[in-house]
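Novice: Handing you a structure now.
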Amino acid sequence: MAKQEDVFKKLISHAKEYGFIFPSSEIYDGLSAIYDYGQNGAELKNNIKQYWWKAMVQLNDNIVGIDSAIFMHPTIWKASGHVDAFNDPLIDNKDSKKRFRADVLIEDYCAKLEEKAQKEIEKAAKRFGDAFDKNEFENTNPRVLEYREKQKTILSRMAQSLEKEDLADVKALIEELEIADPDTGSKNWTDVRQFNLMFGTKLGASADTATDLYLRPETAQGIFVNFLNVQKTSRQKLPFGIAQIGKAFRNEIVARQFIFRMREFEQMEMQYFVPPGTELGFYETWKEKRLNWHLALGLGAENYKFHDHEKLAHYANAAADIEFKFPFGFKELEGIHSRTDFDLSAHEKHSGRKLQYFDAERNENYVPYVVETSVGLDRLFLAIFSNSLKDEVLEDGSERTVLSLPPALAPVKAAILPLMKKDGLGEYGEKIFNDLKYDFNMIYEDKDSIGKRYRRQDAIGTPFCITIDHDSLTDNTVTLRDRDTMKQERVAVADLRRIIDEKTNFRNLLSKI
Ligand code: ATP
């Protein structure tokens, strides 16, 4: 088995074993691409939400947050284009009976070409050593140029065919490139069909009066339809933003990468309303701001890259993804889109209501333009979790698994570990616990050897372990163990709140943005 797959398997089993993520409905054998967050997962997820909310809403006096309903009027999805165009091209393999996204099969083929190009570059870098000029090599080496040209031709043909809804050509492309089912090698494909990703449901008690509804496939529309409500009641002037965190639902064709692609997931979206003509400047600013927000987590700048879209969605005049290096390669983590006035104008048309802003400086009414930032909470969780999970060999040759989460995001900030329950150590520990619990999420544990308890806290990413021994009872000091350095120091109980706060406060992240 490939090493990458091993790493991913370990990650999934660690997430389950330590109460982060469970398959949904597991005792009924699960439900495909649906997951539940356990006691530690829910804490980590809440902390990620807080980091986003504080950065977007709390730190910006011109961004406010809302919480709109999942069910919305069905015409909203007609106006937004989701009823007609929220489709993915699907293809089945007749032999393996497996279903794939036709565009993803082609994109994966191109990713392999890019890998070949990268190998050529790496080989040359080794050969030439310090004298290597990567830029020049990339621009002149015939093999690299050929791999890149081929990718461009393939992707632009696919984009054109999808644009024209020429699904026969998408299939022809798959056949010409001799793309096979990655698991079985079979090239026996069905035709390509469009598949709408929205989940339908019904509102109403009796079958004949019930209305067809959709579970929202994105949270953004809840913001658009509330644009005027929020603008008027908050008295915001353009530019201003509306932020929201909430569930979204997509009937994904292929969902095989754990919480990377789920059918029920959470989005954290912000729509920034700006005067027409200024949107591309704000688009650049938000690209940079959002990347900095990610970088402040300290997962390594080399793990992020921008992917500017060549083919734009019907509503956009610029779009880019922030990609992250997941265990299965660089993939989209967040989208930043300049959505023009498409959504507000479409809602004006379909609702018959004006969704305009009076700009006192320009002395005119207009439909604002929108720059959107949209990040998947679960994907972010996976990015942080996968990057933080490490196996370490210690100086004495033993091993430990540690989840080196950014301390502000850790589910538990400190664990209170009396060496034993008796002799008053347990009571002393409970006293510290009861004092600090108002400020931090804590754990109290007095079972098992101290070594085992340290390992359990390392595995869930607890930044501090606080050990209580007999001396504590007389001198009011405890041993404080740091998760990352494993260093232990004697500190006064009276200093604990300050020390834990210094390390785990959100300010540490927010001040770096
Ligand atoms: P993809 O190309 O991976 O399907 P997308 O371009 O359709 O994603 P957007 O519509 O831009 O995604 O949604 C914004 C964000 O929501 C994405 O960047 C991603 O983080 C998250 N997201 C989208 N679909 C899913 C999903 N099925 N499961 C988990 N997160 C998702």
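Using the three backbone atoms N, Cα and C, a Cβ is placed for every residue, glycine included.
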Novice: Among GLU146, GLU149, GLU218, GLU310, which residue does TrEMBL name as a further substrate binder in the site formed by ARG101, PHE265, GLU266, GLN267, MET268, GLU269, GLU372, THR373, SER374, VAL375, GLY376?
Specialist: GLU218
Novice: Just checking: which of the binding-site residues ARG101, ARG250, GLU252, ARG261, GLN267, GLU269 have a C-beta under 6 Å from ligand 1?
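Specialist: Only ARG250, GLU252, ARG261, GLN267 qualify.
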Novice: Would you find the one among the binding-site residues GLU252, GLU269 whose Cβ has the most company, meaning other Cβ atoms within 10 Å?
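Specialist: Of the binding-site residues GLU252, GLU269, the highest Cβ count within 10 Å belongs to GLU269.
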Novice: Among the binding-site residues ARG101, PHE265, GLU269, THR373, which ones place their C-alpha within 10 angstroms of the C-alpha of ARG379 (ATP binding site)?
Specialist: PHE265
Novice: For the substrate binding site, please report the maximum Cα-Cα distance among ARG101, GLU218, PHE265, GLU266, GLN267, MET268, GLU269, GLU372, THR373, SER374, VAL375, GLY376 in Å.
Specialist: 26
Novice: By Cβ count within 10 Å, point out the most packed of the binding-site residues listed: ARG101, ARG250, ARG261, ARG263.
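Specialist: When each Cβ's neighbours within 10 Å are tallied, ARG250 leads.
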